[in-house]
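Following: one structure in structure tokens, then a few remarks.
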Amino acid sequence: MRSDMIKKGFDKAPHRSLLKATGLKDEDFDKPFIAICNSFIEIIPGHKHLNEFGKLVKEAVRAAGMVPFEFNTIGVDDGIAMGHIGMRYSLPSREIIADSVETVVNAHWFDGMICIPNCDKITPGMMMAALRINIPTVFVSGGPMAAGKTSKGDVVDLSSVFEGVGAYQSGKISEEELKDIEDHGCPSCGSCSGMFTANSMNCLCEVLGLALPGNGSILAIDPRREELIKQAAEKLKILIERDIKPRDIVTEEAIDDAFALDMAMGGSTNTVLHTLALAQEAGLDYDMNRIDAVSRRVPHLCKVSPASNWHMEDIDRAGGISAILKEMSRKEGVLHLDRITATGQTLRENIAHAEIKDKEVIHSLENPHSEEGGLRILKGNLAKDGAVIKSGATEVKRFEGPCVIFNSQDEALAGIMLGKVKKGDVVVIRYEGPRGGPGMPEMLAPTSAIAGMGLGADVALLTDGRFSGASRGISVGHISPEAAAGGTIALLEQGDIVCIDVEERLLEVRVSDEELDKRKKEWKRPEPKVKTGWLGRYAQMVTSANTGAVLKIPNFD
């Protein structure tokens, strides 16, 4: 066993003595040591119940004849961090999480790991660590939150609350109505109830094969999640016995399938960023062109909030992720069904008995929302390395208009609220990329303000930053190269005409190459917004969004 490094041999007497101080007995040194990587934190509603989850996981690991050791990672709640400097720490926290898990697990030579994530950056951070460490691992997330209902019976979620702010600001609802939405938008523990980033990543974790069937859709408060925990411990023991590791599971084909599900569900645009980072950790050559190829062959089968009024509980009721995959498997060339997963079985075996129970929620191949996926990769002179749009969350497929340029999210939000944006405009928020932000903050507040003011179908928004999974409308993010790297978005001037063509996958500014070259020569890189601390270091080391915004290791040659 891997853990023999710290528990076997006469020279490990000091190690065993320390381990006995934690409560271990001599007989425990013949059992696998299992890291329980938890992310309990009280300020995040998606994680406030994970302390109890950790206890259940440890009980299940002991029952399976192994020895559990629990530790915690940090976490950032993107909703609470939204709209202020806290959002700059969200994406960088993914790297801290990955590094901290790597540190604890490799320092103590665990034989296997169970990860308990839930919200936005915690899940991909742990997945990156699992691929980096590469020991048998099973994920079991905390589960989605239930949707809420206002006193009028309207179904609401966190997206409704953000959009309610814009609606109140524009006089469309009263303060009492906003308070009603606020009080009911987040009714329970769990990851926010729509197809936002957290739920998108937990669903992708399931289809990748690192988590068990049901992981993405079973609610946090559903007793079936406790059964999932028991299964996770049992399956981990099998993975250890068979020496099946994350890099055996997360292959190029598995990532294809993850993006296929993403396209079928119209997931968060952040999945592109995080899954590209996973590919980097797995040592795979995977780029945005391959994502685009998946998008072209996968139909959009279900719309979940913010693209509709359906939520994760509805997906679960309709058959869950397995039912979506089973329906997708009917189309040749969409899924790779014979690859291994954390169940110890193939994807084909995992979904064999799944079926759609509500075709209003999960559409059939014969009745898709669209013939192509709910995410699209755009390219053009404004995004030479690519950009991402959640095409399933807007009915507008082509938009052309003049730029209204803001050099920060705060500046943009103030401008939108003051009425500086009108129908037909293209809002540009730049210098908010991985390096320029720094931290590539999400633009949920501006998109929600636009939607809440009734301009969602009449105003486009472009940024080198990110969007929350709760964002909707004509929102194009992850524009690469970013402004801080001298990308074309930095060269835009007020009034330039921009064209967004979703069907043709184009993002263009109607300015000649000669004029752009002239502007590039005159452009000067702004001073970094942050020069000290973690964000200062992050800004110096982070790569572009089109490669997952991972940290680059300096060349010491």
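Cβ from N, Cα, C; glycine included.
Copied from Swiss-Prot, the annotated features are:
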BINDING   D78, D120, K121, E442  Mg(2+) binding site
BINDING   C119, C192  [2Fe-2S] cluster binding site
MOD_RES   K121  N6-carboxylysine
ACT_SITE  S468  active site, proton acceptor
For E442 (Mg(2+) binding site): intrachain residues, at least 6 apart, with Cβ closer than 8 Å: D78, M82, M87, S90, G465, R466, F467, S468, S471
Those recorded positions listed as D78, D120, C192, S468, and which of them has the most Cβ atoms within 10 Å of its own Cβ: D120
Cβ packing number for C119 ([2Fe-2S] cluster binding site), 10 Å threshold: 28
C192 ([2Fe-2S] cluster binding site) versus K121 (Mg(2+) binding site) - Cα distance in angstrom: 13
Remaining residues near the recorded Mg(2+) site, that is with C-beta within 8 Å of the centroid of the site residues D78, D120, K121, E442: V76, A81, M87, S90, L91, C119, T197, A198, N270, R466, S468
Neighbour count (Cβ, 10 Å) for K121 (Mg(2+) binding site): 28
Between C192 ([2Fe-2S] cluster binding site) and D120 (Mg(2+) binding site): CA-CA distance (Å): 10
